[in-house]
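*Asks:* First the structure, which I've put down as structure tokens, then a few questions once you've had a look.
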């Protein structure tokens, strides 16, 4: 969205229109399942009615993201929002981790984090009142005082970038007609959702090669190799992850990322959305699969699992920003205090969204601020380019095109096996900086997965050995095949981690130089 509201027809006065999709270019949206729509109170933004918007998007209906800490940069906008909410019979509730904020103050990091983080504000209606619409509140706030709301944005629904039709989107469980499916505003049937252009999906496979060998490591989950954070659905049980993994990162005693109840954990049984029928969630195992790609390509790396996404493949941007902030705080503290673990080298993001005003993202979005903060602290961020088979910017990957004073964010599209040609489902364009293998990738799946699908044919066969066709959701063997730009991102993240190696300098300036040089060297290699 733009900072200066005006009549929808005044496109020449709206800087965001400079970044509007070209005529004839469809504007995709992240598909949203009914479970995610309910959980996130999702709303669809129509660019025909939203002030300053040039493309559709899906956002969390009651939430805004304010740049900065509530008692610092965000204070003015927060006061104005509280007053506006009161006029509408609403309450504006600040969502911040008080324990983490205390840790910031104790470490003297509050000023630095104020420039690299955001404050989440949720609007709550009185009993029986209409559900709030954060977009309308933001438009009114900007109409009254555009300067105070410069940088304030919606919290978008963020979707996985490994989401192919063949994986099984629970068509029978309901696909959010009218909210996230957005028929008629850029759903790209036949091209974007991979109908007929790469919807191979995931399936169990056999792994016959030796497990990746890790060199001798300290008796410590942090090890002594490069550190890669995987922000995704979490990390399931698998022999490859019995060591060299941090599963419960905390800052100031508070968890970084979400902590799922057992019934909601997409990496435990994998059945959270349809327990009645016992169907495997469409994105169950996504985080474990990504972790396995990194383990194959850089066995020495320590993996830090940060859950933010549910089994339906959706996350709240506010949760993603909070998790990245937690990673940044950990990184800064660990740079001077060995007792909390080790600093980060790489963050892997296999998710994103399409923004309603792409030209406003760098200046306004909370996500851009925290990613910039990670880069300036010497952390490489790798983001998947998305699977819409188009050129429309997918964020945060498209932030790779923005100038950087630290380690630049790098966006990754997917290639097919063999000739390293770009996969037909992969997004592309000048904002995509690299391409890596993302199609028919073999990696780890939680050994606890065996949902309700059964073999199409099974027979005891009398005195002969029992026979059957494959069971489509039995991953007890621990491995599967999957496709998507989600899996190109960890391939590149692992390359960068190996190039960085162990012993990255703790001095921030030197660290930026070392990691940036490693990234540049990797990008010069052929994909």
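Using N, Cα and C of the backbone, Cβ positions are placed for all residues, glycine too.
Just so you know, TrEMBL annotations never went through curation; they're auto-generated.
Quick paste from TrEMBL:
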type: ACT_SITE; residues: 232; note: active site, charge relay system
type: ACT_SITE; residues: 286; note: active site, charge relay system
type: ACT_SITE; residues: 486; note: active site, charge relay system
type: COMPBIAS; residues: 9-20; note: compositional bias 'Basic and acidic residues'
type: DOMAIN; residues: 223-500; note: domain 'Peptidase S8/S53'
type: REGION; residues: 1-29; note: region 'Disordered'
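Situate these features within the shown structure.
*Replies:* Less than 8 angstroms from the CB of residue 232 (active site, charge relay system) sit 160, 286, 287, 290, 305, 306, 307, 308, 309, 348, 350, 351, each of them six or more residues away in the same chain.
Around residue 486 (active site, charge relay system), taking its Cβ as the centre, 34 other Cβ atoms fall within 10 Å, counting all chains.
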*Asks:* Please give the average pLDDT for the domain 'Peptidase S8/S53' (223-500) in this predicted model.
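*Replies:* PLDDT averaged over the stretch: 94.
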*Asks:* Look up residue 486 (active site, charge relay system) in the DSSP assignment and report helix, strand or coil.
*Replies:* helix
